[in-house]
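Annotation comment: TrEMBL describes B:27-45, B:51-69, B:76-95, B:101-123, B:130-149, B:182-200, B:230-250, B:270-296, B:308-332 as transmembrane segment.
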Amino acid sequence: MQFFIEVLLGGLLSGVMYSFVALGFVLIYKASGVFNFAQGAMVFAAALSFVGFQNLGLSFPLALLAAFTTMVALGILTERVVLRPLVNQPPITLFMATIGLSYVIEGLAQGFWGANVRGLELGVDDVPVQWLMDSTGIGVSSFDLFGAGVAAVLVALLALFFQYTRIGRALRAVADDHQAALSIGIPLQTIWRIVWAVAGFVALVAGLIWGARNGVSFSLTFTALKALPVLILGGFTSIPGAIVGGLIIGSTEKLAEVYLGEYVGGGIDSWFPYMMALTFLLIRPEGLFGEKHIDRV
Amino acid sequence: MFYREAGQFKTTYAADQQIFPIRQDRLGMLLLLAVAFFFVPALLSEYWLKAILIPFLIFSLAALGLNILTGYAGQLSLGSAAFMAVGAFASYNFMLRIDGMPILLAFIGGGVAAALVGIAFGLPSLRIKGFYLAVATLAAQFFIVWLLTKVGWFSDYSSSGVITAQDMEILGYRFVSPEAKYLLVLSIVVVLALLAKNMVRSSVGRAWMAVRDMDVAAEVIGIRIMHTKLLAFAVSSFYCGVAGALYAFAYLGTVEPEGFSLDLSFKILFMVIIGGVGSIAGAFLGAAFIVLLPIALDVVVQQWLSGLLAPSVSSNLQLIVFGGLIIFFLIVEPHGLARLWQIGKEKLRLWPFPH
């Protein structure tokens, strides 16, 4: 039982990581209907530039600021160079463009900062929390708890931003109906720029947490693929869905690997989340929190 | 002037329904085939045949398969490489386990196996659409590659799932030289492409397009959605499966499951998008573009920039240029190279006269 809880908690906390990446997807999909495949590359680029700036001798807050500026610039540039000329194209074209974009970002990031695997230090140790260990015998990494805390703060910030600021209201209006938003005078392009910048910020947070966990290397872009089943589980347009979906995917993935993996030769975490999301979709095609889609002829 | 159909009257139904109704198209096609069958193997070097034309044809076939699914039936799929893997491994096992198995039959068997797997993974398409479906097909991508790696039986218990394709032999003739392999691949691709062309202009193809444009409306006018969607998945996977078998037997010789990665799936999707969604010729144009682009980049980098750049920089540069060019093409011509070809034909109608 104790072991089960430990695995479950570990899974839940690693699920938080998936949620981070999924959040960036959701933000952009909500506001512009673009399925942004480059989010994984953005996470990688963000982590790499943070480490790169740190290696240049900048202090922690300065490097953070510099990486943040880079990501915002990247987001704005993406809107200007890639998305604006592709306005009104079918979604699949935009999707392919973001795949192209992910190549460009990966190439740029590696070309600029080098392709070596680097460590990333946030000042939080990856050791079990002592008092929890003593009282219940369950080992939970303090780093994972830190990650979960950051996720909670991030979601709270995003929720406040969306709910109570002028820009947030405009963002929700755009997400609801592009044309209606345009017709009441919301500048669509500014909104998109802001969304891409916010997604860049989320990518930075995700990159820092992921990078501190596993090191900053090219494999970060693959880990980001894990955010996709989270997305279909939670629904493409739901921020709570991204969080809950991440928790479900993370925990079941770990449980399946531990309890089922040994019977089939292990390594099932590469496809298990997808299969689970798929079975789930067969029952509820709009995802956990997605909007119910009604077809009109 | 060169592409004017004036004066070409159709007096029979057969003439009206033929595959290329315009004489210039027919002649052009014959010319193209003659060049491809007779002049290309005689004139081009071994490197061109082995490293460029054979993969080009194989990828064209895979892109054709995906184009049927995505371009004609409107179901986005990111798992084409996995269906290629099924085709390759199934053909290998047919050859391995059945004595005296004819190679062509093994290819067809590989295609059929891929089609069956395709139907299984196409089932979710009855409930979900668009990007949800695309992500769902990723399940096929990861699951199949995992299964082929983990279950030793598929690769005859070789280490890490590597298989070495058997020799190709038809009626006692062994296809060993690049020219022979090229001609074999070309024949298969031509036959399947003609088949696809005919399929998409028949009632099957019209049903696919109706489902693509609006599936609820298609259902209302009496098209069986399940039947149509699953058929699209089956046919598409069959094409990908045959392409995968050729990829293993005629191109690489030795393949492993990891070779059929997500990257390959994306490449095939790129071919479809860049070539032109919903166009048979587009699959070929797109494949040519995606096969040639990295090679051209390689040549450019090695010839002109070899002294200036470190190898790591040049590989990143290629990544950037590749991605950048894809974005560029999508912006400049979102309907793909096939659309450029269409525009060119329209221009040729009048050129060089103003009217």
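Any Cβ shown, glycine's included, is placed from N, Cα and C.
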Maximum Cβ pairs under 8 Å to the transmembrane segment (B:101-123) among B:51-69, B:76-95, B:230-250, B:308-332 is reached by B:230-250
Three or more CB pairs closer than 8 Å, sequence separation of 6 or more: does that hold for the transmembrane segment (B:51-69) against the transmembrane segment (B:230-250)? yes
Which of B:76-95, B:230-250, B:270-296 contacts the transmembrane segment (B:130-149) most, counting Cβ pairs under 8 Å: B:76-95
Take the transmembrane segment (B:308-332) and find every residue of the same chain, 6 or more past its ends, with a Cβ under 8 Å from one of its Cβ atoms. 270, 273-274, 289, 293-294, 297-298, 301
Residues of the parent chain within Cβ reach of the transmembrane segment (B:270-296), under 8 Å, 6 or more residues beyond its termini: 51-52, 55-57, 59-60, 62-64, 66-67, 70-72, 193, 196-197, 200, 209, 212, 318, 322, 325-326, 329-330, 335-339, 341
